[in-house]
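Residues annotated as NADP(+) binding site in Swiss-Prot: LYS75, THR78, THR80, ARG85, GLY313, THR314, VAL315, HIS318, ASN331. Among the features that Swiss-Prot reports, Mn(2+) binding site is placed at ASP255, ASP278, ASP282, with the record citing experimental evidence. Annotated N6-acetyllysine per Swiss-Prot: LYS30, LYS129, in sequence order. Annotation source Swiss-Prot lists site 'Critical for catalysis' at TYR142, LYS215, citing similarity to another entry.
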Amino acid sequence: MSNAPKIKVSGPVVELDGDEMTRVIWKLIKDMLILPYLDIRLDYYDLGIEHRDATDDQVTIDAAYAIKKHGVGVKCATITPDEARVEEFNLKKMWLSPNGTIRNILGGTIFREPIVISNVPRLVPGWTKPIVIGRHAFGDQYRATNFKVDQPGTVTLTFTPADGSAPIVHEMVSIPEDGGVVLGMYNFKESIRDFARASFSYGLNAKWPVYLSTKNTILKAYDGMFKDEFERVYEEEFKAQFEAAGLTYEHRLIDDMVAACLKWEGGYVWACKNYDGDVQSDTVAQGYGSLGLMTSVLMTADGKTVEAEAAHGTVTRHYRQYQAGKPTSTNPIASIFAWTRGLQHRGKLDGTPEVIDFAHKLESVVIATVESGKMTKDLAILIGPEQDWLNSEEFLDAIADNLEKELAN
């Protein structure tokens, strides 16, 4: 272990513990890669399913407000209970997704960013840099009213102004004999503007250009508002900073963007409407080869608050092996990057470049360790049958050794 003085992290980091195999790995990461090198104040919340149940989920709410207060959270993967989990843990009720609860309290946009490692094959080999998908997690199909009708009739859309002035009425369609389906959806200008701010803040931070995709040629008013508000926020609030950093912003049609993304090498932020983001984030994750190499960062519109976590689940299958006393080969990379992304933001808020530098070094050490042929089983399988692999602790040992060397330089 290093005898060098620990690097001081000025502000606190809110730590959200989780479940199953990721909880085991999370503690190893903290004990082997974080605490030996950093003098850090951790504001700890146990979001393990039993503790959420014991506190009636109050711990999740408290954790979210702590992140709001301190500006940085790092989160371990958690169980979102279904019927089987309610039975397994004898839960009082089927608690909501902690991620949803935290997002509702903090607001903001979720950005999913792949970790690119040169010797891990990608389904899309040309993607040599990350594509970051920012998904507008509000409105559209996800807050829509939709229903079925089984007889002929008329569908009308009515907007009734709050000031009592004349309503706006659109007769949409006459439904024929056989019936059909109807969908009414909406979005709010303020939410779109906040989404734009978060997307531009992320781009500025990562030093990558930003693209927004819509279908404004068809939805002239609806998607037109996304296009116009992004343009306005960019011109008024970000253009000067973008140009100074040599960055660009562009709106593109969704079909054009999907085609372009397959041709381009990556290295940009792709701001997607709610449904597009839902679909494209999974397409992109698969294209890079592994959810085990995908980080997820929630960033608020003002760019001041960040919560980082791995984009994968709690790895239940490995946890069952672990409970049986067998070694597992669980990929810790996305969880390590949750720590590093949180630390980078903490360093930025505090004005402590040495903290940011430590986080960057840890990231490059992780990538270099895999590129040197040391990795967990999931990555070895992607490379091929000849590739050796390490168990979880051996891989973390290899990273710790390499980090030790890197920091000594």
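Placed from the backbone N, Cα and C atoms, the Cβ positions cover glycine too.
Its own atom aside, the Cβ of VAL315 (NADP(+) binding site) has 25 Cβ atoms within 10 angstroms in the protein chains shown.
Its own atom aside, the Cβ of ASP278 (Mn(2+) binding site) has 16 Cβ atoms within 10 angstroms in the protein chains shown. Once the Cα atoms of LYS75, THR78, THR80, ARG85, GLY313, THR314, VAL315, HIS318, ASN331, the listed binders of NADP(+), are compared pairwise, the greatest separation found is 24 Å. Take the Cα of ASN331 (NADP(+) binding site) and measure to each of the recorded positions LYS30, LYS129, ASP278, ASP282: the nearest one is LYS30.
Secondary structure at LYS75 (NADP(+) binding site), taken from DSSP and collapsed to helix, strand or coil, is strand. Among the recorded positions LYS30, LYS129, TYR142, ASP255, GLY313, VAL315, the ones whose Cα is located within 10 Å of the Cα of LYS215 (site 'Critical for catalysis') are ASP255. Close to TYR142 (site 'Critical for catalysis') in the fold, though at least 6 residues off in sequence, lie ASN274, TYR275, each with a CB less than 8 Å from its CB. Note: the CA-CA distance between ASP255 (Mn(2+) binding site) and LYS129 (N6-acetyllysine) rounds to 21 Å. Of the recorded residues, LYS75 (NADP(+) binding site) and LYS30 (N6-acetyllysine) place their C-alpha atoms 12 Å from one another. Ranking the recorded positions LYS30, LYS75, LYS215 by how many other Cβ atoms lie within 10 angstroms of each Cβ puts LYS215 at the bottom.
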